[in-house]
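Report on one structure; see the data block that follows.
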Amino acid sequence: MKPTTIASLQKCKQEKKRFATITAYDYSFAKLFADEGLNVILVGDSLGMTVQGHDSTLPVTVADIAYHTTAVRRGAPNGLLLADLPFMAYATPEQAFENAATVMRAGANMVKIEGGEWLVETVKMLTERAVPVCGHLGLTPQSVNIFGGYKVQGRGDEASDRLLSDALALEAAGAQLLVLECVPVELAKRITEALVIPVIGIGAGNVTDGQILVMHDAFGITGGHIPKFAKNFLAETGDIRAAVRQYKAEVESGVYPGEEHSFH
């Protein structure tokens, strides 16, 4: 199979072809996803909640991310693997580079970091040193204590303008992808249209170039609160491979996420 690259996603954006991505944390699921054509996988710090049982992503370490990235890479040898740099792993550009090198050696193609204009120098340093960067704006889970919970971001003119400014700044600094989480559809559309780089949404409506879901949400195996933007594809199909195929097909056709999964 031909490897999936950042250029592959850029081509999707240019041709207005939606694409689906998903999280994975181990070999078996990574292989299943790759076998079914989900070739863009995030090794997310969401593993702190879904795998380790914490109530936030904050306890996750770089070593945790590297360990799971190694396993996922074995399952998806030709996939485009994104890996989160966890909480306090990129407080300075130098620290970010050192930790990015660790997860890149583990098999990641790109690192994802949460935050806006304050990360410009970090993004520049990483990209100048051949580390591709995916930005993450909107609801950034590592900032849960600042936000006071998991809440929709970017409502109101001032907040939406600030997020658009952040997105443009990250792109100008060299970011090659952007994740937008839990923002109004109208803002997601503004940002997606303003950027040259592909935008991946989660809780941002069906107006972004791609979509991502935490795999546990996509299969209905998350305990406790179920996010508004989540859909249990396994409940409709009864078969995990069929669920993956349905998720991919609904994203590519624009059926998912629907209005019931979106914010305004």
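Cβ atoms here come from the backbone N, Cα and C positions, even for glycine.
Binding site for Mg(2+) per Swiss-Prot: D45, D84, plus E114 from the candidate set E15, E114, E117, E121. Note on E181 (active site, proton acceptor): other Cβ atoms within 10 Å of its Cβ, all shown chains, come to 24. If you take the Cα of K112 (3-methyl-2-oxobutanoate binding site) and the Cα of E181 (active site, proton acceptor), they are about 13 angstrom apart, rounded to a whole number.
Around the Cβ of D45 (3-methyl-2-oxobutanoate binding site), the same chain contributes T57, V60, D64, I65, D84, P86, F87, P141, Q142, each under 8 angstroms and 6 or more positions distant in sequence. Those residues of the chain, other than D45, S46, D84, K112, with a C-beta within 8 angstroms of the mean position of the 3-methyl-2-oxobutanoate site C-beta atoms are T23, L42, V43, G44, L47, T57, V60, I65, A83, L85, P86, P141. E114 (Mg(2+) binding site) counts 23 other C-beta atoms within 10 Å of its own C-beta, drawing on all protein chains shown.
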